[in-house]
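Following: one structure in structure tokens, then a few remarks.
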Amino acid sequence: MIRLVVVDNFDSFTYNLVEYFSEQTVEGEPLDIEVRKNTASLDEIRDLDPDAIVISPGPGHPKNDRDVGVTNDVLTELSTEIPTLGVCLGLEAAVYAYGGTIGHAPEPIHGKAFPVDHDGAGVFAGLEDGFPAGRYHSLVATDVPDCFDVSATTDHDGEALVMGVRHRDYPIECVQFHPESVLTGSGHGVVRNFLTAVAGFDVA
């Protein structure tokens, strides 16, 4: 059984995300899902012995410890060896934790669908290019560090905004949009693809 630890950044969408994962099975078995607030310690997260980690959406900026708590430490200390999916703030935190820059989006977006162009790999494997994705954010990755590939973008008034990143060496994938939103056409596919990668990583 796959043990999934969700780091909750105090977001109303966290349990929608948990529900999406709870609907999935890996090799016929349901997931063992543990949710912990970002006020947990790194040792608490480590002691849960996760096979996979999800970093939830949340308010605030990844540079502020009060906003992200243990999130950045999880990304740099545990996600180097444990498959991790970051969502919204999870992407921003990953980019920031590995030396990138987070800035303001051209305009705050809360609950609008935009087409996502992606590379067809990782969490995007087999998904339609240009599928609609629900955006709920005012921050974006403005400078992505070299250790990440940009895996997805969306066009916002002629400007390409980062919608997905994938670490080149570690099993970290992140999306800026919300796969658990009803506005996202392939959200279940993103979740399934992540779990497929987790299962393969677990066997390796």
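Residue 1 is the first one shown; counting continues down the chain.
Even glycines carry a Cβ here, placed using N, Cα and C.
The following features are taken from Swiss-Prot:
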ACT_SITE  Cys88  active site, nucleophile
ACT_SITE  His178  active site, for GATase activity
ACT_SITE  Glu180  active site, for GATase activity
BINDING   Gly58, Pro59, Gly60, Ser138, Leu139  L-glutamine binding site
DOMAIN    3-204  domain 'Glutamine amidotransferase type-1'
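In the structure shown, the C-beta of Gly58 has more C-beta neighbours within 10 angstroms than that of any other entry among the binding-site residues Gly58, Pro59, Gly60. Listed in sequence order, the residues His61, Asp67, Cys88, Leu89, Glu92, His137 complete the 8 Å Cβ shell around the L-glutamine site centroid, once Gly58, Pro59, Gly60, Ser138, Leu139 themselves are left out.
The two recorded residues, Pro59 (L-glutamine binding site) and the residue listed as 'active site, nucleophile', show a Cα separation of 10 Å. The most crowded of the recorded positions listed here (Cys88, Ser138, Leu139, His178, Glu180) is Cys88, judged by how many other CB atoms sit within 10 Å of its own CB. Restricting the average to the domain 'Glutamine amidotransferase type-1' (3-204) gives a pLDDT of 97. Checking each of the recorded positions (Gly58, Gly60, Glu180) against the residue listed as 'active site, nucleophile', the C-alpha distance stays within 10 Å for Gly58. The binding residues for L-glutamine are recorded as Gly58, Pro59, Gly60, Ser138, Leu139; their greatest pairwise CA distance is 11 Å. His178 (active site, for GATase activity) has Gly58 as its nearest neighbour among the binding-site residues Gly58, Gly60, Ser138, Leu139, going by CA to CA distance. With Glu180 (active site, for GATase activity) as the anchor, the candidate binding-site residues are Gly58, Gly60, Ser138, Leu139, and the one with the nearest CA is Gly58.
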